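Asks: Below is one structure. I have some questions about it.
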């Protein structure tokens, strides 16, 4: 196309105006597929100018031209399609305002469903909710089964009943489509933050023979269990989805994060490698690898990997949380706050986004801001075990609100006696009050139906406080079997062993002294690696 266009400049009679227009579009398309978006926009603009001149010529001479020109002109790319491709270029260049401007220029009656869909997404991203709702509704008017448009409306707080009314005619006219109204109801609960009812509704859908073993529903169910703080069931559903579809990428970033939190770093590493083999153009593999680095305390590398994931998908909540957590642990709290706020904007119903921001406030001793945020979350998402525990966590930071923290934690544990975060915070409060027997009873009760590294470790600490050394060692050992990288459990166990055998302890100290230089070498290696990743991060412009 490039060679032909050059020839057409020297020999104007070689190609007709319509053929030149087609050549310009071909050339622009090839540039688009080569990711030369600015150049493609330039050529699409030239094509539109050529089309305009062609339209003027056809108006002036409507009867001229041979008979073959009519079918040829009918096969030409439409002006609307060219504008859509220009908008795609602008979105790839992150020039959303220009993309909106070019699509807004298309008359409403001429907009196809995909143009309305792109406009709706762009309006939503720009915060123009009313315009976004209008565009999504227009998509549904033309395509009543456009599920992305349904999800878009639900995410903008449009009532589930209103959305369902827009699809009722098509549901009634097609057999075996009655499940769609239940599907809409389920995702209406998802977008209002009612995780319990969303889980129950999706479970009822998943049990139906028509949708049994549906990977998308299983992924949604896993994500909902995660949001509800039920990590065990979340992991089980992710594993079930992964078995059904070995090439699944969606949701694997959350799955990797959960595995990393449980200390299963080898599984996280294997998952990351497998995802990279599927595709390195999605954010999920980079986030999973970043989680492995973060929980290996290699924060600089985690920061780089999180930034790379955001570069691939700026709407990846898990990537924003990873980068924010890495920044916080590196002492760059103000930058971390920016990332957590963006995560909250994208996922206002996800509690972990608020937890990250509140942790930043507490790290910078901004207790007042943390309290305001925790109260807002409590009012927005409702009084459930998670929001009660989050508010109690902030109250524990202020001596004046210790009693309030105790009340909130008791309410949380009444709702969910197995909620690990609430148990941990209640144990922390009992430890401050030196009520070790009460703490032991609380932890034993929590561990009756589940096994968790942190709970076993804290139980070990409480048993040490009441001189139950042998059982304390057992608890530390169990904790380490669940998470071999848990440093606090290792320290507790080593302390017990030294107290039990002073002679052996002296020998161990001598061995530690001999190995000290080797450990320093490892630390130096990690510093140089951190500097290497920091350099790469700066090179990619990912500050």
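Our numbering is plain: 1 for the first residue shown, then up by one each step along the chain.
Cβ atoms here come from the backbone N, Cα and C positions, even for glycine.
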Asks: Identify the region 'Disordered' range according to TrEMBL, selecting from 438-490, 491-543.
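Replies: In TrEMBL, the region 'Disordered' feature sits at 491-543.
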Asks: Please give the sequence-distant neighbours of the repeat 'TPR' (317-350): residues at least 6 beyond its ends with Cβ less than 8 Å from one of its Cβ atoms.
Replies: 190-193, 227, 253-254, 257, 283-284, 286-287, 290-291, 294, 299-300, 302-303, 305-307, 309-310, 356-357, 359-361, 363-364, 380-381
Asks: For the repeat 'TPR' (317-350), what does DSSP give as the number of helix, strand and coil residues?
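Replies: Once the DSSP states are binned, the repeat 'TPR' (317-350) shows 27 helix, 0 strand, 7 coil.
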Asks: Please list, for the compositional bias 'Basic and acidic residues' (491-501), how many residues fall into helix, strand and coil according to DSSP.
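Replies: So the counts come to 10 helix, 0 strand, 1 coil.
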